[in-house]
Amino acid sequence: MPHSLTWEYVDTGKTDESSRFVITRVTTGSPVHSGTTVDRVSTTPGTTSQARFDDPGVKSGAPLAAVIGLLGAVGVAASPVVGVGSGRGVDTTGALASAALFAAVCTIIVPLVAVLTSGRRPALAGGLLAGIGAVSLGAAILDVQLFVDAIDANRLDLFRPISAGSIDAGPGAYLALAGHCLLVLSGVLGLVAVHRESERDGYGSARAAEFDGRSVGGRIGAWPTALLILAAVVFVLSLFGPSFSSQDPIFLVKPLVDSASVTAVGTGLLGVAVLVVVAAALTSISLPVGCGALIGVGLGALAVSGTRVMAGFAAGDRIGVGSGSVVGALAAVVIVVIGVSAPYLASRRETDAIPAESVVRAPAKTTKGALKAAMVAQSRAAQARVDRLHRVAGTAAIITAAVAGVGSALPVLSLPDGIPEPSMLSSRVVLLAAAVLLLAALGLFAPGRAAVVRPAVGVLWTTVVMGVAAVMQSAVIATDVPGVGLGAGAFVLCGAALLAAATGLLVWLAGSAEREDVDTSVDGGSRGLVLLVGGIGAVAVLIGTALPLYRGDAYTAASVLEWPWGIDVWGQLLVGVTVVIAAVIAASARPARGAALLIGSAVAALVYVSEWPLTSSRISDATVGVGAITAATGIVLLLVAAFSSARISETDA
């Protein structure tokens, strides 16, 4: 049995953390290399690994979670056979067998693999169950629509409506809901199993010492990580597209913003689950957990979008496949493929990181100068990579600002001859957001300042999307007039919104690259004052984005109080939710980074509040709304929290 000993070398002539190196010597128990030692040098300053040994008496709980998940999956798969609905308006025999079979396979395969691997690889099983369990929460809410108004559920894998008559939920509806609830429970138990596995020896280890304890995103590489995040974002956007195309007067297909409230909530939770699981998988230090979570959430998403694709192909001449389902299914496939190939991608990078000489070698004399030279070379290479990513993110932000400015200048609507172009007041917000993003992007090119400015850019890109959403809401309403269509400016602005999202992704990659060489084991956790004040301010901003900025006698600014929500409301909520996430992160981030996050959040909220003076002239009797007052209060609190974070020194953080 191998034993691990750790020595720490400290250069007494240096007082900074760069003088401290950790040398781990492992004595193998292999019959071939018995007694051979392997030196591994960790370049993480000031950290030592605590040896942990497996306790056979500690059970992971993964087998129980897998069995519960399998029972839930079987229940979901059997629901079409039992019968989901009854009544004059439903044809239970019209359930498309191919779609039902596809959904059953996607749902069952994850817990089945978890059952088979729970004994030997509980971390993988826990990740699989956590992934599909997160998606099942949204699916369970979608099942509730079967009890509220089944004709609007559009579940061709379960039944097909044949008339406008009432449809009563049958035993299969209860079985499907119970099955998804069991899958959610298995996901929670899977997380418990992952937590228990994280306490065992070897969790997060890699063949190359350079990758020990690094995140899955760092181990598989930047481009697979970027592609994975892009696929998750594309899947969420696909949920806003049409799930089917229908000329059937009974089978009505509504966009997400016009759908029933239960369907909208379930679909929203589905999208959030995909984003959260993908982010958690990329930040996990365990490759089996990350791979399992990606495969689980990918197959869970495919069980929704892919099933709709199968149903659309098999439904007949009056019902076809919707573009949203096709795009969502392709994005889910990408997530699954990367999840399956992640071990290969990580193994290839680890192999390249292993020195050319034999991995198992006799102990060599390690000098202080050699250690320092190795660390300096590695630090310079890492810093060069981070600087390059900062420049790429800055370039993307500048391009985004330029495209947004051009789109604001171009005509948003295509009008018949003789009709003047109406004034799109929301274009002013786009110009302001583009100008703010441009100024922040210039800081990403400043030597020594890019890492401090970067967190602010990670929030400000959302203001461009918010402004574009407001313009597109007005444009979509205008296209209801005969002869009016979208102009070139509308398409350019949509491109600017996509570029803004890409900028956010690149900023995230740059931040991940910088944090790889930062010792986070010595931080003090969340700072109470920053978390309290910043958290209250962020919640105030979120409430402000949900309530109207201004109101008049006959018109009120966009808010969540009017259903269905318009595109502009979703853009406002994007800013509000991002500010809340940023405030939570800032409380545990390095003080300078936390201050930048909070300042960026305050500026983003200020751009939102600026809609009041920039667009309120559309009505003559406009008065300030509760949203403006609440958001302004949040801005003040965010600035106070940023000041508090900036005053905390790095040694006290």
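Cβ atoms are placed via backbone N, Cα and C, with glycine included.
The feature region 'Disordered' is assigned by TrEMBL to 33-55. Marked as compositional bias 'Polar residues' by TrEMBL: 33-51. Per TrEMBL, the feature transmembrane segment maps to 62-83, 95-116, 128-148, 173-195, 216-240, 260-282, 289-314, 425-446, 458-478, 484-509, 569-587, 622-643 (among others).
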Inset, instruction - Taking the transmembrane segment (216-240) as the first stretch and the transmembrane segment (95-116) as the second, find out whether 3 or more Cβ pairs fall under 8 Å, excluding pairs closer than 6 in sequence. - result: no
Legend entry - Top partner of the transmembrane segment (569-587) among 260-282, 458-478, 484-509, 622-643 - counted as Cβ pairs under 8 Å: 458-478
Inset, instruction - Determine whether the transmembrane segment (260-282) and the transmembrane segment (289-314) share at least three Cβ pairs under 8 Å, counting only pairs 6 or more apart in sequence. - result: yes
Inset, instruction - Six or more residues out from either end of the transmembrane segment (128-148), which same-chain residues have a Cβ under 8 Å from its Cβ atoms? - result: 62, 65-66, 69, 72, 84-85, 107, 110-111, 113-114, 117, 155, 158, 169, 173, 176-177, 180-181, 183-191, 193-194, 260, 262-263, 265-274, 276-277, 281, 292-301, 303-304
Legend entry - Intrachain residues whose Cβ lies under 8 Å of the transmembrane segment (425-446), provided they are six or more past its termini: 390-391, 393-394, 397-398, 400-402, 404-405, 407-408, 412, 452-454, 456-457, 460-461, 463-464, 466-468, 470-471, 473-474, 493, 496, 500, 503, 568, 600, 603, 607, 610-611, 614-615, 617-618
Legend entry - Close approaches to the transmembrane segment (62-83) from elsewhere in its chain (Cβ under 8 angstroms; 6 or more beyond its ends): 92, 95, 100, 103-104, 107-108, 110-112, 114-115, 118-119, 122, 125-126, 129, 132-133, 136, 157-159, 170-173, 175-176, 178-183, 185-187, 189-190, 192-193
